[in-house]
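Swiss-Prot annotations:
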- 76-89, 282-294: NAD(+) binding site (BINDING)
- Arg96, Arg106, Arg134, Asp224: substrate binding site (BINDING)
- Asp224, Asp248, Asp252: Mg(2+) binding site (BINDING)
- Tyr141: site 'Important for catalysis' (SITE)
- Lys192: site 'Important for catalysis' (SITE)
Amino acid sequence: MAKQVLILPGDGIGPEIVAQARNVLDVVNNKFSLGLTFTEGLVGGAAIDTTGVPFPEETLATAEAADAILLGAVGGPKWDKLDMAIRPEKGLLGLRSGLELFANLRPAILYPQLAEASSLRPEVVAGLDILIVRELTGGIYFGKPRGVRTLENGEREGFNTYVYSESEIRRIGRVAFEAAQKRNKRLCSVDKANVLEVTVLWREVMDELAKEYPDVELSHMYVDNAAMQLVRAPKQFDVIVTGNMFGDILSDEAAMLTGSIGMLPSASLNAAGKGMYEPCHGSAPDIAGQNMANPLATILSAAMMLRYSLAAEDAAAAIEQAVSDVLDQGLRTRDIAGSSGESVSTQAMGEAVARVLADR
């Protein structure tokens with residue numbers, strides 16, 4: 001049976017990097033006889049410009065019918081003055097909530113070819129391989145009430161609600177424990193249980209879950225210490241599980257340990273295994289249309305999509321090996337060029353990966 005993939009190029013550099021990932025997918029689709037079909041849709045600023053809203057009903061319907069979604073990026077200064085309710089980022093949040101994509105998997109892997117690109121000394125980051133499991137649909141980003149109000153004295157006050165239910169914590173915990181079982185069996189739960197009651201419950205539920213996974217070593221760490229430890233000794237971590245806001249911050253920090261956020265993919269999954277896959281970086285409007293963005297995170301996101309949602313492990317592994325081979329050849333986009341300064345374009349990098357795949 002054919003598998004349907006929804007392609008959402010989005011904003012900024014999104015269309016450029018997604019185009020290269022699509023070319024790579026076309027190669028493996030033919031090479032491995034995957035039977036994939038592709039549909040494109042609108043989300044974010046591109047959707048606002050066309051339909052007036054960041055997340056059209058048509059996009060949601062197409063996403064619900066698809067087996068997997070590949071997203072470029074959303075947002076940009078063009079839409080910054082819009083009301084919060086209709087900014088491009090609401091399209092991304094709408095996808096996550098509409099498809100119940102509650103689990104975000106963000107690997108932070110340092111390719112040995114890029115050790116010099118890391119902001120830390122090579123001996124600190126050599127062999128780095130961390131997986132951050134972030135809860136996506138709860139916490140302060142979605143809690144209500146929220147808003148800005150005017151007090152009786154005329155002063156404005158902004159407010160948000162930070163809330164997690166036991167069931168939300170438990171389901172993301174299971175994803176993290178099961179991921180740890182398939183890796184080095186170490187899980188660090190990150191919270192702020194010394195201050196926030198929400199994360200007191202978080203810690204209690206993680207401790208309860210640990211009894212069901214006796215082969216996994218569970219530890220706890222406050223988020224401020226975790227941020228410090230990621231810089232001081234990042235290789236102490238195997239799998240990290242945390243809430244929405246903390247995960248948003250820590251995963252970007254971990255990304256920079258690898259040399260460039262342009263190298264890192266991510267997966268957002270629901271309970272049925274349907275996923276949305278996207279690079280960890282943003283829309284980078286400052287370089288949009290200049291053919292200099294790094295497409296590798298998006299290409300690697302496509303590999304994750306093949307692995308987690310489309311049951312095509314061989315094709316996923318082939319893409320990942322092709323990326324490594326291209327790095328071995330010395331090809332670098334500007335963000336990972338290092339001290340040499342020699343770089344190739346978005347298109348050249350994407351074509352190199354596709355060529356390696358086709359020739360193998």
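Positions of Cβ are set from backbone N, Cα and C atoms, glycine also.
A map of Swiss-Prot features onto the structure.
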| residue | record | contacts (Cβ under 8 Å, 6+ apart) |
| --- | --- | --- |
| Gly76 | NAD(+) binding site | Asp11, Gly12, Gly45, Pro88, Ser283, Pro285, Ala288 |
| Met84 | NAD(+) binding site | Lys90 |
| Arg106 | substrate binding site | Leu131, Ile132, Arg134, Gly247, Ser251, Ala254, Ala255, Leu264, Ser266, Cys280 |
| Tyr141 | site 'Important for catalysis' | Leu93, Asn244, Met245, Asp248 |
| Lys192 | site 'Important for catalysis' | Thr199, Tyr222, Val223, Asp224, Phe246 |
| Ala284 | NAD(+) binding site | Gly12, Ile13, Ala73, Ala293 |
| Met292 | NAD(+) binding site | Thr333, Arg334, Ser343, Ser345, Thr346 |
Close in space, distant in sequence - Arg96 (substrate binding site), Cβ under 8 Å, 6 or more apart: Phe102, Leu136, Thr137, Ser268, Met276
Three-class DSSP secondary structure - Pro88 (NAD(+) binding site): coil
Cβ neighbour count (within 10 Å, all chains shown) around Asp224 (substrate binding site): 13
Local backbone state of Arg134 (substrate binding site), from DSSP in three classes: strand
Lowest local Cβ density among Asp80, Asp248, Asp252, which the record lists as binding-site residues, within 10 Å: Asp80
Asp252 (Mg(2+) binding site) and Asp80 (NAD(+) binding site), Cα-Cα, nearest whole angstrom: 21
Among Arg96, Arg106, Arg134, Asp224, the record's substrate binders - longest CA distance, Å: 27
Any further residue of that chain within 8 Å (Cβ to the Cβ centroid of Asp224, Asp248, Asp252) of the recorded Mg(2+) site: Val223, Ala227, Met245, Phe246, Gly247, Ile249, Leu250, Ser251, Glu253
